């Protein structure tokens, strides 16, 4: 009887409730979605912190274990730092930037997004002090959930938990490897030394995950009530291998992805969900990307099986599969009552990037009921984002701070208790519950940009703080949305998603050269790309003019592959003079007008002049045909 009443009520809501089907300000939503991560920061907050009601917290983290674990992110409305969802959050933020960094840059948000990634990876570097040691949790969910305190007032346990060779945790190590590898791509242009550091950690963590296999929640038992790994670790191993291949172009990782595809389920598991626990669909989409890029090598047949599974995911989401995902009457993808929007945002991201991959090669996804064009995948992803932003039967935005109507009683300790900067009085464990948790009024602090758990199976939603299934936000709800919002805001112009990622450096003040430094001409190779394309440069001559020594640098770009190179993109930084032989294009340089391609075994030369050490030059993208 209760179900029938609920059904009838929802039908009435659908028929008569006002629906906000208006255009959305995706740029504003993108800005807010990144702001949320600043509210989740743990540790010493930076000077440019924009969520000003927060203050420093967790400053003793790791001390009891003899290690500095200050920093990182709180995962949701509590004050625990859970390593697995944090790593997945960072991976998805990084993937968003890799795919749509140019679009973020055009709206002025790239720097903020990269800061959000770095806040996570800085912590992971601390948490990985040895090749086979990784700290995967700080705090204890059992004791933490007995208290309702601001992070700044925490009195709960801050014990740190780790995995090592005798207490393995393959899911945790592999997901953190994926986070480090994807982030290394993000920082490759703007901070190459940091990028290399991340990549070394990623390689060590993957080796750790693969060599010492075991479920992480068996080694860190306190996590079992909160982030138990239901899917096991096979999906994370494939996912991490895919990211390391994208980051390094090392065939070892492609071979691993291909050779373990059948045994680990990557080529046979058609899973219609993607999130912090289940990574199959993400690994399958990346494998399909390698295939469509022409980077499958001898593994074409295996990667085609990955692609088939990726398209099975897409078809299930858009309703063109025999195993289509359930939807609410209002059209929202629905998997479970607790924090359903985590699956909506992650699915929307995969739909968006895969649509752009297919569009790049003029193909369609193959579904049980017929082909699905890229526009169909993308438009469905857009409909899901629009639902979240307010185009739904309740005309409610499920992003806090966006739109006219959004959740006011968010299940979040920091936002629901007055800021320590406004009232520094200590909030005790039980006092927080009695004074703040039960208040039937809106939060005193705006948790700007947070995506809450969202509505139920019939588009129902109760805006109450104790309704944690629907009103608690998480970092992994927001992370996939960064890329989709950037894509929606910028449109489809300039997309070429199958080219190697080129993330433009964020706009920052240019640091002037030290005038006392003496330029030292060199002839060392400066290639940062795979060895298929090699770059070398030499100072061929020099002369003095008005007290300065000028150098002429000759740069040779050689195609060492047997294939033809097209769409070559060259990145150059620290260039202070004129350049001849290339054409400026967007964030870098391309072939001059009289050269359309570079045949196998051939090279081209360009030159530049300035009174400084050699410029930094690298290949940022190309296509082999």
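Cβ atoms are placed via backbone N, Cα and C, with glycine included.
Caution: TrEMBL annotation is automatic and unverified by curators.
Among the residue ranges 507-530, 531-554, 555-578, 579-602, the one that TrEMBL annotates as region 'Disordered' is 507-530. Around residue 463 (active site), taking its Cβ as the centre, 17 other Cβ atoms fall within 10 Å, counting all chains.
For the domain 'Carbohydrate binding' (533-613), the DSSP counts in helix, strand and coil order read 0 helix, 51 strand, 30 coil. Counted within 10 Å of its Cβ, the other Cβ atoms near residue 472 (active site) come to 21, all protein chains included. Separation of the C-alpha atoms of residue 472 (active site) and residue 463 (active site): 10 Å, rounded to the nearest whole number. For the pair formed by residue 463 (active site) and residue 411 (active site), distance between Cα atoms is given as 9 Å, rounded to the nearest Å.
When other Cβ atoms within 10 Å of the Cβ of residue 411 (active site) are tallied across all protein chains shown, the result is 24.
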